[in-house]
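One structure is given here, and the rest of the page talks about it.
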């Protein structure tokens, strides 16, 4: 209860405009089983596939950092009408079927009540807890966006400089601490294709034993993938920060966070204190979930997360 209360006050402080509409327990009366329905869908999938945590974390990040947390990423492209989903950075985003299943059950229980953007937020939160990460409450009441265009997509690549990444996060109302928390936390359970880490494999500063192991894996055909966190790849924890401190960051942006003067202190503090990381990760996830949200009469509540209600 203490952690939930702390997050509530943090939320009040960080996002007073969103607080006017977003609130904890938003569906308490309109759809009392909303959160449990989503949690059951996620838990059933997690039992079969522990990689869904990384998939859902990436989905929420890629959605919120384009037009805000409005589920615009979920819209399917159509002939002559591309969407965010059809762009290069989003081509490998997966887990849409989890959102579809939750939406189908929610429409049966409470038609036209729970937004797709809230489903993404809740499903991601639940998957983090299942993967050993912090348990936390998230405010709900988001509505779904009415636009999804590839022209809006401007997401950070794996080699983005730290300064540029800080600027990108600042544009979304987030700071350097949030950046290190969300990138490191997201990568604690993720994988990356070998084609995206060639710069790191060519870096003489990279830990030699790790470099040799990754090179051996990456010799295989069809662009294989490797874990970003070599120690605990299925657990949301602080292990990746310790790896970064030992020049074992697999992706360039991860390693740069450990070297840059503006972020290396944050990396070091997380590497030494998992409790601190868990607290900050929960706070940053709540904060990210408030980026440019639509509430009240804005947007819509989609009946199908892949299609706007008017069918366009």
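For all residues, glycine too, the Cβ spot is worked out from N, Cα and C.
According to TrEMBL, the protein has these features:
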ACT_SITE  62  active site, proton acceptor
BINDING   63, 66, 68, 70, 72, 84  Ca(2+) 1 binding site
BINDING   187  heme b binding site
BINDING   229, 232, 237  Ca(2+) 2 binding site
DISULFID  31-110  disulfide bond
DISULFID  64-69  disulfide bond
DISULFID  116-305  disulfide bond
DISULFID  194-218  disulfide bond
SIGNAL    1-20  signal peptide
SITE      58  site 'Transition state stabilizer'
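Structure coloured by features recorded in TrEMBL.
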residue : record                       : Cβ contacts under 8 Å, 6 or more apart
31      : disulfide bond               : 106, 109, 110, 113, 114
62      : active site, proton acceptor : 73, 84, 89, 90, 93, 155
64      : disulfide bond               : 172, 288, 289, 291, 292
69      : disulfide bond               : 60, 63, 117, 120, 121, 142, 288, 289, 290, 291, 292, 293
70      : Ca(2+) 1 binding site        : 63, 117, 142, 143, 144, 145, 292, 293, 294, 299
116     : disulfide bond               : 71, 74, 99, 103, 144, 302, 305
194     : disulfide bond               : 201, 214, 217, 218, 223, 224, 225, 226
Separation of alpha carbons, residue 187 (heme b binding site) and residue 72 (Ca(2+) 1 binding site) (Å): 23
Top Cα neighbour of residue 229 (Ca(2+) 2 binding site) in the set of recorded positions 58, 66, 68, 187: 187
For residue 237 (Ca(2+) 2 binding site), the one of 58, 66, 68 that lies nearest, given that the recorded positions are compared by Cα: 58
Subset of recorded positions (58, 66, 68) lying within 10 A of the residue listed as 'heme b binding site', CA to CA, in sequence order: 58
8 Å Cβ shell about 229, 232, 237 centroid, Ca(2+) 2 site members excluded: 188, 189, 231, 233, 234, 235, 236, 238, 239, 240
Residue among the binding-site residues 72, 232 whose Cβ has the most other Cβ atoms within 10 Å: 72
Cα separation, residue 232 (Ca(2+) 2 binding site) to residue 68 (Ca(2+) 1 binding site) (Å, whole number): 30
Shell list (Ca(2+) 1; ref centroid = CB of 63, 66, 68, 70, 72, 84; cutoff 8 A): 62, 64, 65, 67, 69, 71, 73, 145, 148, 152
Cα-Cα distance linking residue 66 (Ca(2+) 1 binding site) and residue 58 (site 'Transition state stabilizer'), given in Å to the nearest integer: 13
Largest tally of Cβ atoms lying within 10 Å of a Cβ, found at which of the recorded positions 66, 110, 218, 305: 66
Distance from residue 232 (Ca(2+) 2 binding site) back to residue 66 (Ca(2+) 1 binding site), taken between C-alpha atoms, in Å: 30
Other C-beta atoms that fall within 10 angstroms of the C-beta of residue 68 (Ca(2+) 1 binding site): 20
Which listed residue (58, 187) has most other Cβ within 10 Å, given these are recorded positions: 187
